[in-house]
Amino acid sequence: MLNAFNNGVVIENPHPVAQVEIIQAPLPDKVVLPLQQRIGEQAEPCVEVGDLVLTGQLIAQTTDQFCTPIHASISGVVVAIDEQIIPHKSGLKSKCITIESDGKDEWIKDEWIGDFLHCSREILIDCVQQSGIVGLGGAGFPTHSKLDKAIDCQTLIINATECEPGIMCDDALMQYFAREVILGVEVLLRICGAQKVIIAIEDDKQEAYQSLLMFNHNERITIRQIPTKYTSGAEKLLIKTLLDIEIPADKLAIDKGIVCQNVSTAKAIFDAVVEDRPLVSRVVTVTGDAVIPNNFEVRLGASFEHIVALAKPNNQPHEVRMGGMMMGVDVASLAVPICKITNCIFVNNVKPKPSVQECIRCGQCNQVCPVDLLPQQLYWYAKSENTEKAMRYNLSSCIECRCCDVVCPSHIPLAEYFSFAKALHRKETQEKQKIDKARKRFEYREYRLERNKIERAEMMERKKAELKKKMAGDKIQKDKIVQAMARVKKKNDSDT
Ligand code: SF4
Ligand code: SF4
């Protein structure tokens, strides 16, 4: 049975292909591997400039649990460890290791961990971590960290939906590597100990669906088709669709005994655990109206230029977007490297953007929000920077999917407003926290001074009383002595 979450939008792949394929990209002449990943601390290089490295060799390590190690994706020479522009909307530079290829692609040989069915959960999680695996659907969250928390997991969900229209890399991967995907899911099942696994796949991916069915002989694994509708791949919406369970904004899926993993991550886990191959390549979709769309398996760290050239771009000026057409980010240069989270590159001819008009209160945006927000209302509050009101209208639940943008006849970039309002609210909250902290510090200081004053006064009173008591005691003593002396004198006088 097909379930569906509320709202969302149906968007056809703008650049469909007759046959979904994976083309092996040639080895790049050099790779640039960023040490800063999506979250966590920057990894520390364990090689130096001039070192010879083999493919799969560890080149940067970390002790931060939100970060993963980095491996050489080609064999060759380390020629630089310096700041390079990374594919990020900030356009900023970050520390990277650059390796120049020796053209041999010689792999490092490591100890194979053996049959995963006989490995403990801890050994398998360690293997996932040491292989540098992160969520390959675009989130980039370190997989071992998520699996580590999956202790009371009842349901494992494998997200085999493409996160956005136009992206085909997961579809291609399932068609080409269905056996490997199923085995990767079985490794995950062993780690999580879930009672059941659901592989969720959109109903427009019949070839991939059939391929998975053919290789799945595990009765704990079910392959479920869901309607092809943007944003069905968003984790909480997918859980709602499959299990009819709502995960509140401040909770995680694991709080309800659910673990979600992307289908490409499952394949990477197969590569690591069964094939002893760390994460050094990934499948990337290159699409858009300026290229011939296709999927390429490419080494991490190869430039966007290296892979875009394979999709035969036309000679017109281009706009390049990393990630999907909806939630991706524009990149200014093709010189940036492919990272673990680069699932898609859109290359489009430069076109004039439609001009933004006033809101005509048509309410169309309210009909499509997959998390049941009121974008029109949020827009007014975001525009007037009234973040308090916007938060009362659940701005924090907005997943910035841009469904509302797509239907807006006035072409208002609503999601951009919401992203800005969220950032503003974060800043205001931080400032408020700072002021609160300063106020509390001041109040505590005042309290401390007052308390000291009272304590000092109490101490003075105590000392005064003690002195008074002592003086009274002394006086009694003195009187007694005077009386005794008088008695002695009297006795002496009477004796004489
Ligand atoms: S961007 Fe936010 S408000 Fe707009 S449809 Fe998506 S979740 Fe709803
Ligand atoms: S869709 Fe655009 S024009 Fe219509 S109500 Fe929403 S913001 Fe206003």
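Keep in mind that glycine also has a Cβ here, set from the backbone N, Cα and C atoms.
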Cys359, Cys362, Cys365 bind [4Fe-4S] cluster 1 in TrEMBL, but which of Cys169, Cys192, Cys260, Cys408 does that record place at the same site?
Cys408
Using an 8 Å cut-off from the Cβ centroid of Cys359, Cys362, Cys365, Cys408, can you name the remaining same-chain residues around the [4Fe-4S] cluster 1 site, in sequence order?
Ile360, Arg361, Gly363, Gln364, Pro375, Gln376, Tyr379, Cys404, Val407, Pro409, Ser410, Ile412, Leu414
Other residues near the [4Fe-4S] cluster 2 site, CB within 8 A of the CB centroid of Cys369, Cys398, Cys401, Cys404?
Cys365, Val368, Pro370, Val371, Leu373, Pro375, Ile399, Glu400, Arg402, Cys403, Leu414, Ala415, Phe418
Output, ordered by sequence, the same-chain residues six or more apart from Cys401 ([4Fe-4S] cluster 2 binding site) with a CB under 8 Å from its CB, or 'none'.
Tyr230, Thr231, Ala234, Met326, Met327, Pro370, Ala415
Going by DSSP, is Cys401 ([4Fe-4S] cluster 2 binding site) part of a helix, a strand, or coil?
coil
As a test of the contact definition, list every same-chain residue at least 6 positions from Cys404 ([4Fe-4S] cluster 2 binding site) whose Cβ is closer than 8 Å to its Cβ.
Cys365, Val368, Cys369, Pro375, Leu414, Ala415
Checking the binding-site residues Cys362, Cys398, Cys401, Cys404, Cys408: which ones have Cβ within under 6 Å of ligand 1?
Cys398, Cys401, Cys404
Under 8 Å Cβ-Cβ from Cys408 ([4Fe-4S] cluster 1 binding site), six or more apart in the same chain: what's there?
Gln364, Cys365, Leu414
